[in-house]
Amino acid sequence: MESTTLSKPFKNQVNPWGPLIVLLILGRVNPVALGNSPHQVFNLSWEVTNEDRETVWAITGNHPLWTWWPDLTPDLCMLALHGPSYWGLEYQAPFSPPPGPPCCSRSSGSTPGCSRDCEEPLTSYTPRCNTAWNRLKLSKVTHAHNEGFYVCPGPHRPRWARSCGGPESFYCASWGCETTGRASWKPSSSWDYITVSNNLTSGQATPVCKNNTWCNSLTIRFTSLGKQATSWVTGHWWGLRLYVSGHDPGLIFGIRLKITDSGPRVPIGPNPVLSDQRPPSQPRSPPHSNSTPTETPLTLPEPPPAGVENRLLNLVKGAYQALNLTSPDRTQECWLCLVSGPPYYEGVAVLGTYSNHTSAPANCSVASQHKLTLSEVTGRGLCVGAVPKTHQALCNTTQNTSGGSYYLAAPAGTIWACNTGLTPCLSTTVLNLTTDYCVLVELWPRVTYHSPSYVYHQFEGRAKYKREPVSLTLALLLGGLTMGGIAAGVGTGTTALVATQQLQAAVHDDLKEVEKSITNLEKSLTSLSEVVLQNRRGLDLLFLKEGGLCAALKEECCFYADHTGVVRDSMAKLRERLNQRQKLFESGQGWFERLFNGSPWFTTLISTIMGPLIVLLLILLLGPCILNRLVQFVKDRISVVQALVLTQQYHQLKSIDPEEMESRE
């Protein structure tokens, strides 16, 4: 700050606006609802920048968002790169060695190529960073009791601090703007995001400076309010000024967070949402071999990139394989149906043993699965975190995470269903900092099981049920299979994993494609993305129905299955079965019924001409009678009118009595 306009008293005052500032900041800070699972690991880089927004210092690590707040230790001279000329580093490149020769000790000639005595007094306006001697003097200034440095916040400061100025005064235009630093009055604040202090003591910094290296390391720590802020991606700015006699040299520095997803996201095609609309690929026939078959473990070949039809067919095939291995009697003849409306998946809570990892497993860095929420979870299983009372019915065992930072990976065939979404692994740091909770579940696609008679009756239109038959889903038939829960006839371990291997692969592929669809929809239709996704699944099933690959039963798309597997041309199979039932039905009909069934055109002709014939017959029968009545009515009316007309043209003569005439005479 300028000594010509401002005095420099020792600071021991408390800002009376402090409590109000805390309330304002708490009212403004709220966690950002990011489009990622809070347990997903990202590559995070905290960067310290100079006035030109060039990165001059950085630290990198792999952590979940908003859980890693390391101490930042840049050098004071690094912040002055390309800064004001009195720092002497206007032409110094970032991350380059410090300039200038070393300073000389009292014994002349002890340091070859030295310049200036290390003990020479500091003069005003001397560059502070361009030589080892100046850096040593700068270190003594920052550690001196009556000198030091102070830091003022930039644009993120409250409104009452408008008098603090802008970058031209390093945000320190008046006293009271400083919030941290190393000075005799110990500047502090209850609302700023960082604190700044010396990283080295004066005794530690002196030999480092004499060795011609950066020796004015700072320690920048995040405050509690700074750890609550989620605007670090755009960055925040501060001004730093030295507290010396005369003019206070200053500089501008910033702090920002760079977030890099560890997994690649490369779109292919003009529209990633619809680019996978392709016909089903024909299955490859296995090569002919004359060798004697031997028992080998089940291995699945690497499938080609699946389109919509293939993904949905793979779900049905995986469901059939799991059902056939566990309940062969149910697959003698059946229909497996995909539901066109949500929910598309069901969760079954299970008990399992997860694995602990001190470093993030590979699946923790996979693209976020948070966008899929399980609307139906049944059973009782393992819960982690602060489970609310409304969801404690799902918990057989609730485990609290202890202190420390580690990761909980779900066992094979399961996934963590959290209040923030689906994730393959958890970060205990996130669970300890939040009130999140998770349940270990098996994920089953919404595939319903129907008997053949029910399907045939629906298409024939002769079925009359007092109530809708209960639909059996995979979650009811196979729930708990992976962890050896209620599956009858199948043991745990390898057999259970083999039974669900193809189904799990199909579920994984379908979830991945659904996530991609939601991600693309969110970019343009934030509020309507869920509705569009539901219509998308309905259109996918409509494509299958129109292509004859499945039979549409109400809101479901059904595939015929028997011991030969899932039939791809389900409509052809349905027509074949319906024709057989039609022939059986016709064999029991009389000649009159067969007449109509054998000649469809005759039924159409009769129904077409029957109406006009009946109308014509009624006209012929009732027409003459009605016409006579009408003519007679008209004649009667006309005669009455004629009589009225005649009476108006003539007057009635008065009758004369002869006797009266005689009496008058």
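Heads up, residue numbers simply count up from 1 along the chain you see.
Cβ coordinates come from backbone N, Cα and C, glycine included.
Just so it is clear, the model here is predicted, and its values are computed rather than measured.
The record in Swiss-Prot lists a disulphide bond between Cys118 and one of Cys103, Cys114, Cys129, namely Cys103. Record check of Asn290, Asn363 in Swiss-Prot: the feature N-linked glycosylation site is attached to Asn363. Checked against Swiss-Prot, the residues Asn43, Asn597 yield a single entry marked N-linked glycosylation site: Asn43. Among the residue ranges 343-351, 433-441, 469-477, 550-558, the one that Swiss-Prot annotates as motif 'CX6CC' is 550-558. Ranked by Cβ neighbours within 10 A across all protein chains shown, the disulfide-bonded residues Cys152, Cys172, Cys177, Cys337, Cys425 are led by Cys152. Cα of Cys418 (disulfide bond) to Cα of Asn199 (N-linked glycosylation site): a span of 41 Å. Each of the glycosylation sites Asn43, Asn211, Asn324, Asn400 was ranked by the number of other C-beta atoms within 10 Å, and first place falls to Asn324.
Confidence for the region 'Immunosuppression' (533-549), expressed as mean pLDDT, is 67.
The distance from the Cα of Asn211 (N-linked glycosylation site) to the Cα of Cys103 (disulfide bond) comes to 8 Å. Over all protein chains present, the Cβ of Cys383 (disulfide bond) has 22 other Cβ atoms lying within 10 Å. The separation of Cys383 (disulfide bond) from Cys364 (disulfide bond), Cα to Cα, is 19 Å.
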